[in-house]
Structures are given as C-alpha cells and as structure tokens.
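Copied over from TrEMBL:
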TRANSMEM  12-38  transmembrane segment
DOMAIN    30-279  domain 'G-protein coupled receptors family 1 profile'
TRANSMEM  50-68  transmembrane segment
TRANSMEM  88-109  transmembrane segment
TRANSMEM  135-153  transmembrane segment
TRANSMEM  186-215  transmembrane segment
TRANSMEM  227-250  transmembrane segment
TRANSMEM  262-281  transmembrane segment
Amino acid sequence: FILLGFTHLAQLQLLLFVVVLLVFTVTMMGNILIVLIATLDPALHTPMYYFLKNLSLIDVCYSLDIVPQMLTHLLSERKTSSFTACALQLNLIVLFITSECFLLAVMAYDRYAAICHPLHYATIMTKKTCRQMSAAVWLSGFPVAIGLTGWLFSMPFCKSNEVNHFFCDMSPVLKLVCSDTSIFELLVFIATLLIMVLPFILITISYIYIIYTIVQMPMSESRQRMFSTCAAHLMVVTLFYCTTCLIHLQPKSSLSPNNKKLVSLSYTVITPMLNPIIYSLRNSDVREALQRVF
C-alpha cells in the first residue's frame, strides 16, 4: 500500500515532522514516567494508580504503532506499507482503542467504589480484582481486532493501492476493496457501538452515582476533594471520546478525508501526550511521587 498521508500539505511536511517528533518525545517520556513512578513508589500502589499505569502503557503502545512510521513517511517521498505491516498496524489500533475504552470504564468504576462505598472499597477493589480487571481490559480487544482485521484483509483489493491516510485505518483501507462490503460495514458499526458506547454508558452511570453521593456530603471541603479526584479522569474521557467519536461514529459524508486526518492526528498523537500531563499537573500524589523517585 501507498499511504498518501499529508501529501496535500507538501510545503508543511518538514514543520509537521518537527512538531510530531516533539509531541511524540513528550508522550513517551510522560507515559513511561507515569509507569515508572506507579511501579516504584509504594504510595502509588493503589487501584487508581494501577489503572493509570495501564492507561499509560496503552498510550505508549498506541503511539509506537502509529507515530514512528508517520515520522518516517513525512521525510520520505515513497510512503509505502506492506500488506502484512498494514494488517498488523490496523489489528493493533483496534486492540488498543478497545482496551482504552474499557479501561476508562474500569477507572470510572474504581472512582465509584472509592466515593460511593468508601468503607467497603478495600474489599471491593482487591489486588486480585484489579489484576483480573486489567487482564480483561487487555484481552477484550483481541477477538474484535483479529476478527475484523482477518476478515478485511481476506477480501480482494483491486481498486487501488493508495490509502488516503497517514496510517492503515479501517475506513480508508475498506475503500480499496472491490467486493460487496455491506455486511462487513454493518458488523464494524455494531462492534464500534459496543466498544465505544457500552463503556461510555458505564462511565455515565458511575458518575451519576458519584455526583449524587458528592452532593449529599455536608462539608464543602470534602465535596471539593472528591470532585478533584475525578476531574483528571473526566478530562481524559472527554478528550478521548470527543475525538474518536468524531471519526468512528460520524456519517461517511460528514468529514472530508483531509479533515479526518487532522482529527485522527489529535487522538493518535495529541491525546496520548495530554493524558500523563493532565494526571500529573492536577494530582499532588503524582507530583510528590515524582520528587521522591528523583
């Protein structure tokens, strides 16, 4: 395949390379730092930071799957990807997006258990339960990723070999198939609803209970402290869903291919960088842990 990428911005590709490289560097440093301090500092050996460490691991893997190839293509004239490499990249993208959706739901449940059932929190969120939840999050994407990618790349490609994107995403690759794809597109839509909407519903229900519990608290200081523990997670959820839903749950004609690339750039490059910044800047525990580790 030939990935067209940002060939429509030929004059800006060098500038784009520099910006993306800087963002990628910050992303790697920030997320790896979160993983290290959550592992090394005993004060952060709690369910909330255990799940935060998993979120950073997903962001690291997701960025490594897309950005290095993108940087290479921004500097090269021939932007190619082999059939196998394209299939593997798409498979990993589906896997990591699915895992992140369900992990955000698990993190919301963790906050629900901590705020709504504080006396039972230690028995609800045991180490064993956290490991099982984490394993379920990582494994949840495998059936969907392998199933959809295997089916897509078993179809005949004969329309063209040019993918109008900077990575092998489902929609632009599907446009190159020259057989009937209506059943496959329906299945992709159902899978997208399950992967994105189901966790979002769970997150919404969790926060309805959380907000109701916080409002019932008598002291304003307690309410403020509880809201601050949820603020970072809410910002990450909003950032993730606003960008991914704009791409995956919009009608086909609503965004042009070039606009889709720009939106995709935000959730593949910018969002993984912002997640550790949001958690570290708003969280005194993370800042103190950073000082102790250093």
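From the backbone N, Cα and C atoms, a Cβ is placed for every residue, glycine too.
Automatic, uncurated: that is what TrEMBL annotation is.
Long-range contacts of the transmembrane segment (88-109) within its own chain (CB-CB distance under 8 A, at least 6 residues past either end) are made by residues 48, 51-52, 54-55, 58-59, 61-62, 65-66, 69, 81, 133-134, 136-138, 140-142, 144-146, 148-149, 152, 167-170, 173, 195-196, 198-200, 202-203, 206-207, 233, 236-237, 240, 244. For the transmembrane segment (186-215), the neighbouring stretch richest in Cβ pairs under 8 Å, chosen from 12-38, 50-68, 135-153, is 135-153.
Distant neighbours of the transmembrane segment (135-153): 54, 83, 86-87, 90-92, 94-99, 102-103, 106, 170, 173-174, 177, 184, 187-188, 191, 195; these residues of the same chain sit at least 6 beyond its ends, with a Cβ under 8 Å from one of its Cβ atoms. Looking only at the domain 'G-protein coupled receptors family 1 profile' (30-279), the predicted model's pLDDT averages out at 88.
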